[in-house]
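As structure tokens, the structure follows; a few thoughts come after it.
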Amino acid sequence: MGIHQLMQFLKEKAPNCFRTLMLDYFAGRTIGCDASMAMYQFLIQTQSAGQTQIIELTDKDGNRTGHLVGLFNRTLQFLENGIKPVWVFDGKPPLLKSGELARRKKLKEEAQVKTELALEQGDMQQALLQHQRTTTISSVMKEDAIKMLKLMGCPVIIAPCEAEAQCAELCRAGKIYATATEDMDALTFRTPVLLRGFNTKKEPIYEIIYDDMMKELEITYEQFVDLCILCGCDYTEKIEGIGPGTAYKLIKEFKSIEGILEHVQKVNAEREKNKQNPKYTVPTKFLYQDSRELFITPLVQKGEEIQLTWNKPDVENLKKFLVEEKGFAESRIDNGLKRIAKKDTTGFQSRLENFFGKTTKIIHPNNSKAKGKANKKNEQTQKSGGKKKI
């Protein structure tokens with residue numbers, strides 16, 4: 001979920017922190033990409049409704065491959081435009097997120113029931129919509145994605161915890177230019193630059209500058225974290241009756257959630273005295289202090305400890321994996337890699353050989369140095385028959 005309605009709030013209250021840019025603007029830049037978020041998007045984008053069934057891209061064993069198609073094409077798109085992607089995967093979710101994960105699991109189960117009902121009724125568009133809501137990423141899918149990206153020569157990082165937090169750390173350390181994710185909580189983790197909107201080829205990309213945002217909001221970082229918690233985040237329930245606009249007004253007046261809670265208590269007491277319903281409802285378990293701590297001191301590997309290096313694609317093993325094991329069309333792999341190799345270098349370094357060094361490093365969450373604190377439908381790259389009907 002990220003931060004509820006934060007994008008719209010910032011458009012209204014801090015419009016000057018936004019820029020809309022086309023992809024080629026980022027030529028020569030290194031960008032940290034939220035791999036888990038991208039995989040969800042690609043899996044959904046490669047699903048379609050048949051006459052009586054939902055169709056998905058799969059390998060010969062029925063394993064979903066839409067995420068691989070998307071990651072392959074997106075990586076080629078980046079490289080072809082002179083962008084150096086660093087793919088960052090989620091590690092173990094924080095305990096505070098367990099409630100949100102349980103909520104999502106329940107919603108997926110409900111969506112599965114609705115999918116089956118819609119299929120029985122022949123409502124294929126509704127069936128597709130509900131099926132998309134059941135999308136999950138298995139450990140095997142994650143391992144396949146990491147294997148493919150390594151073979152393509154890209155740096156891959158497995159974060160100790162949240163991918164957005166690790167990207168923000170890399171960005172603050174100067175290792176990458178920006179964090180690319182749809183999750184707005186990358187700003188809560190203090191990424192200096194956030195990029196959103198890579199899902200379409202023709203539409204511009206939103207660039208959000210953290211310092212410009214804070215200058216317009218005229219609040220401290222700690223107050224911004226409290227604002228995000230009040231808007232609604234993944235780590236705790238929110239106070240009912242307080243939306244982004246009200247949260248901002250209250251933060252400006254009372255400075256912190258503690259001050260706001262005192263205000264809420266007074267307002268509700270006054271309304272109770274007048275035999276009125278409470279204006280605000282504070283959840284029984286309002287874990288704002290723990291949430292605040294998680295945002296301010298997340299579990300990440302220090303940026304200065306991470307060395308980002310690129311390698312030339314291992315074409316032989318990449319084709320063996322994608323063509324023989326995952327059912328991709330060999331011609332698609334060849335044509336994609338040729339596009340990059342032939343890219344003109346005028347104005348920016350975009351040839352494959354200018355990008356890739358000697359090694360690609362994988363940073364694991366159990367590393368002893370890890371310390372706490374598309375778009376149009378993706379072009380089908382698989383052979384005919386690589387689809388799964390539901």
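Positions of Cβ are set from backbone N, Cα and C atoms, glycine also.
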Which single residue out of Glu162, Glu304, Glu305, Glu316 does Swiss-Prot record at the DNA site shared with Arg74, Gly232, Asp234? Glu162
Which range is region 'Interaction with PCNA' per Swiss-Prot? Of 258-266, 285-293, 348-356, it is 348-356
Which single residue out of Asp34, Asp211, Asp212, Asp226 does Swiss-Prot record at the Mg(2+) 1 site shared with Asp90, Glu162, Glu164? Asp34
Please list, in sequence order, the residues in the chain of Asp185 (Mg(2+) 2 binding site) that are at least six apart in sequence and whose C-beta is under 8 Å away from its C-beta. Gly2, Ile3, Glu164, Cys228, Cys233, Asp234, Phe295
DSSP state at Arg74 (DNA binding site), helix/strand/coil: helix
Rank aside, I only need the closest one: which of the binding-site residues Arg74, Asp183, Gly232 has its C-alpha nearest to that of Asp34 (Mg(2+) 1 binding site)? Asp183
Provide the number of Cβ atoms within 10 Å of the Cβ of Asp34 (Mg(2+) 1 binding site), excluding the reference atom itself. 25
Asp234 (DNA binding site) CB neighbourhood, other CB atoms within 10 A: 22
Where Asp90 (Mg(2+) 1 binding site) sits in the secondary structure, as DSSP reduces it to three classes: coil
In whole Å, note down how far the CA of Glu162 (Mg(2+) 1 binding site) lies from the CA of Asp183 (Mg(2+) 2 binding site). 11
